[in-house]
Amino acid sequence: MNEILNTKDINAIGEFFIETWGCQMNEEDSEKLSGMLKKEGYIRTEERENADVIIFNTCCVRENAELKVYGNLGILKGLKSKNPNLIIAVTGCMMQQKGMAETIKKKFPFVDIIIGTHNLHNFPNYLNEVKKKDTSILKIQEKEDSIIENMPIDRKNSMKAFVTIMYGCNNFCTYCIVPYVRGRERSRTPENIEDEIKKLISEGYKEITLLGQNVNSYGKDLEPKVTFADLLERVNTIDGLERVRFMTSHPKDLTDDVIEAIAKCDKLCEQIHLPVQSGSSEILKKMNRHYDREKYLDVVSKIKKLIPNVALSTDIIVGFPGETEKDFEETLSLVKEVEYDSAFTFLYSIRKGTPAAKFEDQVPEDVKHKRFNRLVEVVNEISAKKNKAYEGKIEEVLVEGTSKNDENKLMGRTRTGKLVNFIGDKDSIGKLVNVKIIKANSFSLTGEEI
């Protein structure tokens, strides 16, 4: 494995601001950017106006994320005029798209650094070069390198942490741009993953979320071969670790071995995010998802049989090209059959460079929105019903801090990922406590520590 390039010659030290759009992988990338800059002596600020360096870590999964970047870059023009020494950097998946970096440079010539996802680890070097030579940098690395280990990381949370176990994706769903911007699947060795988790535990962390675009593909590129089920069992034996979660799973790769590992490993939380995208086999085929409705429901049945108290969540795309009313009704019926605890629902958004962008049978926007509203209504009704079942139960909660809505209450999550606001002792923050659920709300639970 490569080691991170180290620089110690940045002249003037100042404050930096990072804004992040997108998934948990992007969040962890931003934590690494922050870690690298803090190692160089920079201080993080939450105010753009105070920053000497502003970094936008971008997402391109949906058009809305890109529009936010354009809008925010426009706002920075005024800041740059007031402070010509301000350094503005743009990185992330959006920049990795073909021609996008050049487009950003043309529209926003005041941007100083534009890099992609594959050379993020060299950011301190690029920053140093810009400051020394009074120049701008546009460097998009087309091909991914081997995994960079031992990068400094500045984690936002002091008790829960993301640990990336693999990068990239080999699935090429017809609507998705991730394989083009994140590269092919590359797995970290189990030893490196274990070492990172052990270090986190020594720093007081209680809960780890194993991250990957498709964690169920973990280890296929390693020699000797290691499966995701193997990794889960290894991680479960680490002393001091309280909880383990993972995301995201691809249904086609969620094997019986993985389901069995979740069921028998006591530190594995009873929560699985299993994106279905559509309940129609016809649409799933057009999406290139490599499973049909029957296969997906079979996987769900196995999960519920071995993990009866499991909380399932999913992703659903509404209005994929060619989606008929019949296809949409099949999605609704699948949602009702599975009874998800929660679902992330999205309107289909054309992504340039993906096969689906060229499909001719695009669904009208008004039809998409009507279907979307119908779906959300069903999802919310089921979520409320699932939450209601917690009333009167005693649940283990990892206490994360005070409630955002009531400073007199604490907040945390159950093993199934339910948000709980409850009356309790502030000395419990950072600990696992038992909470009696006294009331179920639409998107959270209310309780009291016992």
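Start at 1 and count along the chain as shown; that gives each residue its number.
A Cβ is built for glycine as well, from the same backbone N, Cα and C atoms used for every other residue.
Features reported for this protein in Swiss-Prot:
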- 14-132: domain 'MTTase N-terminal' (DOMAIN)
- Cys23, Cys59, Cys93: [4Fe-4S] cluster 1 binding site (BINDING)
- 155-385: domain 'Radical SAM core' (DOMAIN)
- Cys169, Cys173, Cys176: [4Fe-4S] cluster 2 binding site (BINDING)
- 388-450: domain 'TRAM' (DOMAIN)
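Shown here: features listed in Swiss-Prot, placed on the structure.
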| residue | record | Cβ contacts under 8 Å, 6 or more apart |
| --- | --- | --- |
| Cys23 | [4Fe-4S] cluster 1 binding site | Cys59, Val61 |
| Cys93 | [4Fe-4S] cluster 1 binding site | Gly22, Asn26, Thr58, Cys59, Cys60, Val61, Gly116, Thr117, Ile177, Val178, Val181, Arg182 |
| Cys169 | [4Fe-4S] cluster 2 binding site | Cys176, Val178, Pro179, Arg182, Arg184, Glu185, Gln213, Asn214 |
| Cys173 | [4Fe-4S] cluster 2 binding site | Gln277, Met287, Asn288, Arg289 |
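Sitting within 8 Å of the Cβ centre of Cys169, Cys173, Cys176, and not among those site residues for [4Fe-4S] cluster 2, are the Cβ atoms of Asn171, Phe172, Tyr175, Ile177, Val178, Pro179, Gln213.
For the recorded [4Fe-4S] cluster 1 site, residues Cys23, Cys59, Cys93 set the reference point as the centre of their Cβ atoms, and the other residues of that chain within 8 Å of it by Cβ are Trp21, Gly22, Met25, Asn26, Thr58, Cys60, Val61, Ala65, Gly92, Met94, Val178.
Counted with DSSP, the domain 'MTTase N-terminal' (14-132) comes out as 64 helix, 23 strand, 32 coil. Mean pLDDT for the domain 'MTTase N-terminal' (14-132) in this predicted model: 93.
With DSSP classes pooled into helix, strand and coil, the tally for the domain 'TRAM' (388-450) is 4 helix, 33 strand, 26 coil.
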